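Participant: Below are the features listed in Swiss-Prot for this protein:
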type     : residues      : note
DISULFID : CYS146-CYS212 : disulfide bond
DISULFID : CYS619-CYS633 : disulfide bond
DOMAIN   : 116-325       : domain 'Pentraxin (PTX)'
DOMAIN   : 489-649       : domain 'GAIN-B'
CARBOHYD : ASN271        : N-linked glycosylation site
CARBOHYD : ASN634        : N-linked glycosylation site
REGION   : 18-38         : region 'Disordered'
REGION   : 599-649       : region 'GPS'
TOPO_DOM : 1-662         : topological domain 'Extracellular'
TOPO_DOM : 684-691       : topological domain 'Cytoplasmic'
TOPO_DOM : 713-720       : topological domain 'Extracellular'
TOPO_DOM : 742-762       : topological domain 'Cytoplasmic'
TOPO_DOM : 784-800       : topological domain 'Extracellular'
TOPO_DOM : 822-857       : topological domain 'Cytoplasmic'
TOPO_DOM : 902-963       : topological domain 'Cytoplasmic'
TRANSMEM : 663-683       : transmembrane segment
TRANSMEM : 692-712       : transmembrane segment
TRANSMEM : 721-741       : transmembrane segment
TRANSMEM : 763-783       : transmembrane segment
TRANSMEM : 801-821       : transmembrane segment
TRANSMEM : 858-878       : transmembrane segment
TRANSMEM : 881-901       : transmembrane segment
Amino acid sequence: MDAPWGAGERWLHGAAVDRSGVSLGPPPTPQVNQGTLGPQVAPVAAGEVVKTAGGVCKFSGQRLSWWQAQESCEQQFGHLALQPPDGVLASRLRDPVWVGQREAPLRRPPQRRARTTAVLVFDERTADRAARLRSPLPELAALTACTHVQWDCASPDPAALFSVAAPALPNALQLRAFAEPGGVVRAALVVRGQHAPFLAAFRADGRWHHVCATWEQRGGRWALFSDGRRRAGARGLGAGHPVPSGGILVLGQDQDSLGGGFSVRHALSGNLTDFHLWARALSPAQLHRARACAPPSEGLLFRWDPGALDVTPSLLPTVWVRLLCPVPSEECPTWNPGPRSEGSELCLEPQPFLCCYRTEPYRRLQDAQSWPGQDVISRVNALANDIVLLPDPLSEVHGALSPAEASSFLGLLEHVLAMEMAPLGPAALLAVVRFLKRVVALGAGDPELLLTGPWEQLSQGVVSVASLVLEEQVADTWLSLREVIGGPMALVASVQRLAPLLSTSMTSERPRMRIQHRHAGLSGVTVIHSWFTSRVFQHTLEGPDLEPQAPASSEEANRVQRFLSTQVGSAIISSEVWDVTGEVNVAMTFHLQHRAQSPLFPPHPPSPYTGGAWATTGCSVAALYLDSTACFCNHSTSFAILLQIYEVQRGPEEESLLRTLSFVGCGVSFCALTTTFLLFLVAGVPKSERTTVHKNLTFSLASAEGFLMTSEWAKANEVACVAVTVAMHFLFLVAFSWMLVEGLLLWRKVVAVSMHPGPGMRLYHATGWGVPVGIVAVTLAMLPHDYVAPGHCWLNVHTNAIWAFVGPVLFVLTANTCILARVVMITVSSARRRARMLSPQPCLQQQIWTQIWATVKPVLVLLPVLGLTWLAGILVHLSPAWAYAAVGLNSIQGLYIFLVYAACNEEVRSALQRMAEKKVAEVLRALGVWGGAAKEHSLPFSVLPLFLPPKPSTPRHPLKAPA
């Protein structure tokens, strides 16, 4: 082995060889310390390899971040330890070590970006240093201000980071701060002259910090954020009044008058840059985007631009600095040998780690230097006059690789591989794959390279070399290494990581970039184990349609598995969508065909180490059929998005939980509404305006929820998805229209108390069914191509299509809320008068109880038919709690209607009682015991009531469960 393995590696090649064939040799003699702490085992040495229950693990002497440690292990064809160390290894560790995850290859390091920006340098406190925005500000009912600041810790007096003075209000808005020596910087927000307390914002360490302040007129809610975390917040600051219009924004100074009145005492001492101002209060997620160099554009009043400022001459010339865009403070799993427990640390903190292997692949990697293909490695290294391809795949890489060197080495490697006539040997393939992984890993290293690195040239070189090692003549070599590398897709995944790095080279003048080597020569492709529900992938192939096939035996299945590890089923191997904040998940539904099982040849699950494995992150089983399984990834339609007016990105666990709750609640509501509608039809409830309204409401709402439950399966077909969206749009609008009719009818019966006949059911039917037809037709005519949202079957929130539903719903909910409030007032007044008539001097407790019940009762009775449970759906973009509330409230609406307007409704119960009496009478008549025949059989009429349910004895109240 090479020297870089270190002293701890040398004992690996001792005399002993274990039964698995891995040379372990005699371990180092434990060094015993006879101190006060008792005997202690010697710590594991750098480069030492120790046998574990699941294979072998090699201890690296380096301390790296979680992502760098994972990358280092992958370059050596291993992986981070997937479980806590056991046995002797656990007792020999001294520091916490990183622990991997079974889906770790799918995790990527955050792409730190660097950018150059102008900085205002306030190197000393003077009264003549300030930067003023030329244009006045509008009236602000809410605002957010963010900036990067480097505070001068030697100045203890309070200073203004920025201030806004209005014509009649000098202290309209300020953010003030001061530093405690050796402690923290405390900041306070001032709004309309009201001063919040000084609270700790960030450490007084002289470094750059990102500071944000938010404020809302309603309730005077304010919050202070620094470095992505909420530090303070409260209510009551300048509540009820906006920041007046005509305000002047000044950076670095307090204003005692409009645009002036500067003082040395309140002048900023430090550096300030990247100031942004919004006319709304940003959410924590949006503040994270602003901190990550991607400020939201909605409501943005001022984007950092020194050219838009009047800068005093003493601040000129401006200084340019390079800032690193922050990354999330994500935590990664660790194992602590002290308490022998699992924990977590910040992923960017350097920690030691273990690279682990299964026993057989590790034994093969040990023998790699004796494999064929060493001549290619020697030739490339000789031409480069450097170690480009490492003969030993288990050796650690020492020394940094610059982008220029990588580009030059890629050119040499491409030339040698193109001139090679014989198929590439296993040793050379391992070395080439490792070098490509090393080149791709450059993007996760120094953030400065993200702007300066020649990523387009490097990407072209990587794609060219990768194409050469994916040639058909190398298929046998890939098969021989399938347990070591995991198949060609491991190389494809590495190449794909270059795509986000290329975004630094794309501009508005060059919005597209294509890097290609040559066509892979796909023809006659056969897709194994799958079929396509959409023909979008088939269009990428210039050949006949794809025919799904399935293996007939276990032997054929194993052959197919080997085939899958070297063949592709589409010209599109993989695809991703990125924006400025990272990868964007795209919804996808696919079907897996079942394989017929034979009792003589039981199927063996494919090994992930032999290629052809499925990635399951964010995916779940959508449906099970007799011959197939439908799988879904990342997005679906639920109650939470019907009234959602902004796009909300949710995690796969949260999305799956919402989808499950929606489906279960929707099913319960659908069954309850269907039962209610059938009871209205079958029971023979007396006809009335209220009964007609409730029939139409339950029918339309049940139909809409039925289509909502089927929307999951409709996504696979574009036409079906559009049809389901149109049906849901129409039926939900019909349901809300009948909710409005219910409110108008309630107003006429309870509030107006008109003795004149109403407008008639024709007008009600025109409102309930005609208006929704018009709205849906107009929406389809105006937005034929932007009607359906991408990813699920519902209206598009990125266009005005969503307002064709949200607008009418808001109108109905507003009108019904006003009607309900008026009904409650009348009910409370009537209850108060009734209580006084029954008891001239009622006690205080009885009065309070009477008024509370008079308020709660109509709300409980009328809430479901007026649709007020849908109000939570408008707020789902604010917090996940509102999404769950919307799903819960809307799911129980149908059950609530059934309980109040069917199960507990006296008219329905009376109708059912009449039906029962009629059925019993028919049975008795059929038995010949009715009328005169009753005497012959000695069955008196007094027996008949025993077969019937008791009649209600309490009088009907007008607000008690009307039909």
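Using N, Cα and C of the backbone, Cβ positions are placed for all residues, glycine too.
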Participant: Limited to the topological domain 'Cytoplasmic' (684-691), I'd like the whole-number average of pLDDT.
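Facilitator: Per the prediction, mean pLDDT sits at 77 for the topological domain 'Cytoplasmic' (684-691).
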Participant: When each of 663-683, 692-712, 721-741, 763-783, 881-901 is checked against the transmembrane segment (801-821) for Cβ pairs under 8 Å, which one has the most?
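Facilitator: Top-ranked stretch among 663-683, 692-712, 721-741, 763-783, 881-901: 721-741.
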Participant: Sequence gap of 6 or more, Cβ distance under 8 Å, 3 or more pairs: do the transmembrane segment (763-783) and the transmembrane segment (721-741) meet that?
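Facilitator: Between the transmembrane segment (721-741) and the transmembrane segment (763-783), which are separate recorded stretches, there is contact, as judged by 3 or more close Cβ pairs.
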Participant: Under a criterion of three or more Cβ pairs within a distance under 8 Å and sequence separation of at least 6, are the transmembrane segment (663-683) and the transmembrane segment (881-901) in contact?
Facilitator: yes
Participant: According to DSSP, which of helix, strand or coil covers ASN271 (N-linked glycosylation site)?
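Facilitator: Once the DSSP labels are grouped into three classes, ASN271 (N-linked glycosylation site) ends up as strand.
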Participant: Among the disulfide-bonded residues listed here, CYS146, CYS212, whose Cβ has the fewest other Cβ atoms inside 10 Å?
Facilitator: CYS146
Participant: What residues in the same chain, six or more past the boundaries of the transmembrane segment (692-712), come closer than 8 Å to it by Cβ-Cβ distance?
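Facilitator: Beyond its ends, the transmembrane segment (692-712) has Cβ neighbours at 622-623, 632, 636-637, 639, 659, 662-663, 666-667, 669-670, 673-674, 676-677, 680-681, 721, 724-725, 727-728, 731-732, 734-735, 738-739, 741-742, 745, 761, 764-765, 768-769, 792-794, 865, 893-894, 897, 901, 963.
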Participant: Taking only same-chain residues 6+ apart in sequence, whose CB is under 8 Å from that of ASN271 (N-linked glycosylation site), what do you get?
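Facilitator: Result: VAL119, LEU120, VAL121, PHE122, VAL149, GLN150, TRP208, VAL319.
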Participant: So how many of the residues in the topological domain 'Extracellular' (713-720) end up helix, strand or coil by DSSP?
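Facilitator: Reading the DSSP string over the topological domain 'Extracellular' (713-720) gives 5 helix, 0 strand, 3 coil.
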Participant: What are the helix, strand and coil residue counts for the topological domain 'Extracellular' (784-800) according to DSSP?
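Facilitator: Helix, strand, coil within the topological domain 'Extracellular' (784-800): 1 helix, 2 strand, 14 coil.
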Participant: Looking only at the topological domain 'Cytoplasmic' (684-691), how are its residues distributed among DSSP helix, strand and coil?
Facilitator: 3 helix, 0 strand, 5 coil
